[in-house]
Amino acid sequence: AFRRAPAAAATAAEPPCAFAFAAPGPGPAPPPPLPAFCEAPGAEPACCPLAFRVDPFTDYGSSLTVTLPPELQAHQPFQVILRYTSTDAPAIWWLDPELTYGSAKPFVFTQGHSVCNRSFFPCFDTPAVKCTYSAVVKAPSGVQVLMSATQSTYVEEEGVYRFHMEHPVPAYLVALVAGDLQPADIGPRSRVWAEPCLLPTATSKLSGAVEQWLSAAERLYGPYLWGRYDIVFLPPSFPIVAMENPCLTFIISSILESDEFLVIDVIHEVAHSWFGNAVTNATWEEMWLSEGLATYAQRRITTETHGAAFTCLETAFRLDALHRQMKLLGEDSPVSKLQVKLEPGVNPSHLMNLFTYEKGYCFVYYLSQLCGDPQRFDDFLRAYVDKYKFTSVVAQDLLDSFLTFFPELKEQSVDCRAGLEFERWLNATGPPLAEPDLSQGSSLTRPVEALFQLWTAEPLDQAAASASAIDISKWRTFQTALFLDRLLDGSPLPQEVVMSLSKCYSSLLDSMNAEIRIRWLQIVVRNDYYPDLHRVRRFLESQMSRMYTIPLYEDLCTGALKSFALEVFYQTQGRLHPNLRRTIQQILSQGLGPGTEPSGAAADSEPGLLLGDEAPGGAISLRDVNVSA
């Protein structure tokens, strides 16, 4: 049961005696909520039924309007109680035991970003509205329940967990997880939660590190506002890489084997504690205010804790992916704007792309360069967070604050510089108007470029001999991933080049982490290199996450390997979450000719909820997005 704090007075845009909630949906219509009006908060208040209506809104929710009694005075505290059930809730992911790592107990988690939590509980499902919340969750013995809350207690004799979030948050940051989870402390204000079989790995990789990152962020941007910073590792069915739920970051367990990606993903979520959670974009059309600023802060933290060279390498890797996405979408794509126009009925989740992160980052980096000193810009961001914490903002709030903090820049009219106008940054399509200087990472990026050039040189035998002398086993993960991405961009390659690449790297890459292996296997698939198909099969047989399955199935179904994809899918579908199974089935169906649709259990599934990055048939794979919300 969710009980909201007393509601604020209605804004001028709202009718004074009506409150509109986003109600659960889509799917079969649940029983309508039953609102009851309570005269005032307190013990055993008197309640009376209220008039309400549920109106169509979009395919991802309905509008619930509740009419309040006319005798209610302005600013008078009150409660509205809604009793409801939800049948098909895309925010709530139920897992059978076999879909977890331990295969011991069922598991459930929620994922509210961007507008899924309206299927979890009735809410003002917009980032412009923030509130505190309390929750009571009843669970069977032996099941650990966690929520993104600042306070939690467990009443054992009742089997009840009680949670309270003392700071106002938007609806999408309310999150719950329950299952066979155990804790381990990794710092003075942090612990990890994971299934017992994963806990030692998670602990060893993060012990001491999270406190180091939090402390670095506090030195840059001011006090951490949320009390604890805990992390829960979720089964591979978790649909994105990570989610910055306050006090309790959600991360997919699959990333544990890729150390550098784990570091970046956790630091990105740490940065969201200031940018996104404390100060939130007021509209989904300006998600860059959270993601662009969090990405900038993430890179300032990694520069402080891991050095400038590593930060520049990771940035080069991401900007490489941004330009790849640009080539696929075209420079006039409206989704490449920072201020994206959200048309009525469009799910905001479909706007998630690399422009939100990397073009947003480039604009923030440009602002930092205008003031001439990254530390002065850190001081500005600290003041910005202090001013707007626990509120929601628009871009003009950020930019006005920037020019106020740096009056000399306002006098110079830096917002109107030809070709770099702030308005153009926000509303022009295409690539960033300016990109950062990454020369401090040249010691790591130059070897990548040199090796790629060798493999595209003539004659091949001489180039291959020179390339084989370079030991990439000593490279950082981002270096190897960047090299393989360059080869992917050039695919299909001449068959003799693929043969030489396989001879040189295939066995070596087999022993590396999944971020490396999936890139090599995509090269295998895009070049129809049959001798290494057994490695593709083995990889798909061992993976249950969207980010390590969908890109390969997309590639398999756009080439000559559709039948191979079908064969592997039918052998592995029982180990996949139903939502992922439906997504892959749609990919397979689009990749097949008329009359050859998949049959059996997969074909009988109902269509699932697809995030924008996961929609089959699109030119952009999850590999190019790798969303950490």
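Note that the numbers count up from 1, one per residue, in the order the chain is shown.
Using N, Cα and C of the backbone, Cβ positions are placed for all residues, glycine too.
What TrEMBL records for this protein:
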type	residues	note
ACT_SITE	Glu269	active site, proton acceptor
ACT_SITE	Tyr357	active site, proton donor
BINDING	His268, His272, Glu291	Zn(2+) binding site
DOMAIN	443-588	domain 'Peptidase M1 leukotriene A4 hydrolase/aminopeptidase C-terminal'
REGION	593-618	region 'Disordered'
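Helix first, then strand, then coil: DSSP counts for the domain 'Peptidase M1 leukotriene A4 hydrolase/aminopeptidase C-terminal' (443-588) stand at 117 helix, 0 strand, 29 coil. Take the recorded positions Glu269, Glu291: by the count of other Cβ atoms within 10 Å of each Cβ, the lowest one is Glu269. On the backbone, the CA of His272 (Zn(2+) binding site) and the CA of the residue listed as 'active site, proton donor' stand 12 Å apart. There are 27 other CB atoms within 10 A of the CB of Tyr357 (active site, proton donor), with all protein chains counted.
The Cβ of His272 (Zn(2+) binding site) has 28 other Cβ atoms within 10 Å, all protein chains considered.
Of all the recorded positions listed here (His268, Glu269, Glu291), Glu291 has the Cα closest to the Cα of Tyr357 (active site, proton donor).
Taken together, the residues of the domain 'Peptidase M1 leukotriene A4 hydrolase/aminopeptidase C-terminal' (443-588) have an average pLDDT of 94. The residue listed as 'active site, proton acceptor' and Glu291 (Zn(2+) binding site) have their C-alpha atoms 10 Å apart, to the nearest angstrom. Within 10 Å of the Cβ of His268 (Zn(2+) binding site) there are 25 other Cβ atoms, across all protein chains.
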